[in-house]
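> Structure below; questions to follow.
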């Protein structure tokens with residue numbers, strides 16, 4: 001059964017990416033591209049591993065240990081839940097007695113007994129309802145507390161030492177970590193608290209009413225109920241086990257579908273602009289068909305001849321022309337149909353087509369979930385609804401099937417029936433729990449995988465760079481001679497890699513060799529010294545590894561040979577091409593990565609900073625927004641309200657405010673005018689900020705004293721820039737060929 005289930009899941013992946021071809025088959029590459037499954041085989045392997053077994057239970061225990069890491073509040077809630085369950089179970093006993101008294105008073109006509117039973121019943125049922133509400137309240141608080149504990153635990157690990165970046169950049173074992181931290185944890189804790197509630201009250205009901213059934217009926221009563229529901233449990237177990245894998249896949253598909261729409265929201269303007277040109281091309285495709293050269297009736301060769309032979313020749317030519325005319329019309333009709341079909345297909349945006357394919361895969365698997373859930377619900381409900389018949393069968397045994405046959409009093413029938421029904425209801429809770437466990441198992445797998453991968457990445461020394469602060473006694477420090485990149489197709493042995501910290505006077509790279517996260521070597525043996533006050537410009541083709549070198553210097557990416565000596569993190573500041581703006585006020589944008597709790601900026605300084613770069617109108621706009629109460633500070637999203645140039649200027653003001661000794665700017669002025677760009681470098685020079693820039697503009701040369709140039713052949717060139725009246729740039733080039741170690745001088749720019 002499990003094997004067929006995995007095959008069905010594989011069919012879901014394949015069918016969702018199948019084309020309209022007659023064979024109906026698709027390659028693995030099509031599956032990966034259309035569903036964005038970069039690791040389809042790996043995912044199927046994970047699905048096969050996620051089954052309801054002992055390994056899953058051990059994963060669950062590890063999560064429970066986290067939930068009870070601070071045990072006082074969880075244990076207190078557990079005891080309150082247990083006490084409320086005991087009270088509700090005890091009160092329910094009187095409900096059966098009251099029903100017996102009411103039934104007896106009606107058959108005997110005892111009005112006083114009837115009224116007193118009703119009054120007592122109000123108290124009993126009211127108390128039972130009150131404790132039921134208390135139990136639900138405790139369950140909600142328990143879920144809230146567990147979510148708080150688990151989410152904060154995972155977030156603490158996820159954000160520690162930029163672990164989130166390592167996972168997203170270097171590891172593909174976790175899909176949609178945002179979904180796992182947000183919705184998966186919420187759903188898991190809600191389900192778990194509900195299951196715990198049923199597992200606490202269920203045993204109490206079973207134990208208590210087992211005793212009552214034994215004392216009021218005989219030993220066979222609880223034995224029959226036990227056997228009946230153990231049979232139901234094993235049948236449900238067979239149906240439930242395959243659902244773990246299906247639910248795991250469903251959670252992944254839901255996350256991928258949500259992520260796709262999140263990307264559409266983030267890039268809505270770009271998508272709309274790209275598709276404007278697409279509409280024009282569609283219009284051209286319709287007009288091109290109308291320009292086809294073909295014959296019609298007006299182009300027939302008409303000429304009147306009296307001669308019979310000439311008339312016959314005319315008739316033959318007319319037939320040929322008509323035949324060509326007919327073929328042309330058929331051809332034009334076919335082209336029109338094909339064009340209309342293409343236009344119809346092109347009406348869908350690429351994003352819409354992707355969303356459609358993702359949604360079809362989601363719906364296909366959801367249909368399987370529904371069918372399997374139907375089977376589980378059927379078996380569960382069957383055992384629940386048949387329990388009254390089992391109850392009456394048990395009561396009938398002493399009446400019809402034992403040697404000492406004796407009729408039962410009506411009051412006895414009521415009490416015995418109620419006790420059997422309550423015992424059956426206790427077991428029914430376990431049957432109902434099995435439905436929740438199938439959903440819970442998927443969340444256990446996803447959350448535990450998140451925790452396991454975070455811990456493994458934290459312990460993976462191949463992604464770490466040892467950073468030490470040098471002093472006069474200790475100028476160097478060696479690392480092990482063999483370090484291997486994990487999770488790569490190829491292993492890369494490293495001889496020496498090290499980042500040492502100085503007092504902020506220079507950044508030095510000594511024989512640094514670095515690779516992409518996929519293991520492709522970019523450049524080797526880069527040696528360069530950037531002293532304070534000497535700006536460095538890095539130029540080269542797109543994708544040549546310019547930004548990668550910035551990541552290496554920052555310590556985000558590992559490098560595998562050489563050493564780096566640089567200032568401490570507090571003396572360095574990084575500006576990406578796409579600025580990062582948080583939800584908050586403009587003051588919070590400038591303070592980032594600090595918060596208002598740590599620092600504040602006076603309004604006069606804020607105004608001066610923004611005026612310096614001609615965007616002080618943003619402060620007035622923010623004041624208007626606050627005054628009109630359109631949005632609160634916490635959720636204010638400036639990213640959607642500012643142009644790319646304004647966003648880059650905000651990031652530059654952030655840099656100017658923090659005044660680091662070194663700034664690493666990755667095309668951070670690409671969206672602002674050259675006049676403002678000149679002002680940026682001028683202000684940075686006034687404040688003593690040494691800049692390492694990545695860029696393509698020739699205008700950047702005059703703000704730097706050294707050029708590090710990359711080419712497409714993985715060679716690097718270190719060049720001195722000589723500015724003459726800021727009009728021209730003469731560059732004395734030192735050409736270092738990594739293959740021949742040949743040193744030559746030439747000129748790059750005229």
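Including glycine, each Cβ sits where the backbone N, Cα and C put it.
According to Swiss-Prot, the protein carries these features:
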| type | residues | note |
| --- | --- | --- |
| BINDING | 540, 541, 542, 543, 544, 545, 546, 547 | ATP binding site |
| COILED | 334-370 | coiled coil |
| COMPBIAS | 1-14 | compositional bias 'Polar residues' |
| COMPBIAS | 15-26 | compositional bias 'Low complexity' |
| REGION | 1-32 | region 'Disordered' |
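Describe each of these features in terms of where it is and what it packs against.
The secondary structure of residue 542 (ATP binding site), as reduced to three states from DSSP, is coil rather than helix or strand. In this chain, none of the residues that are 6 or more apart from residue 542 (ATP binding site) has a CB less than 8 Å from its CB.
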> Give, as a single whole number between 0 and 100, the mean pLDDT over the coiled coil (334-370).
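Taking every residue of the coiled coil (334-370) together, the mean pLDDT is 69.
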> By the count of other Cβ atoms within 10 Å, pick out the sparsest of the binding-site residues 540, 541, 545.
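Each of the binding-site residues 540, 541, 545 was scored by Cβ atoms within 10 Å; lowest is 541.
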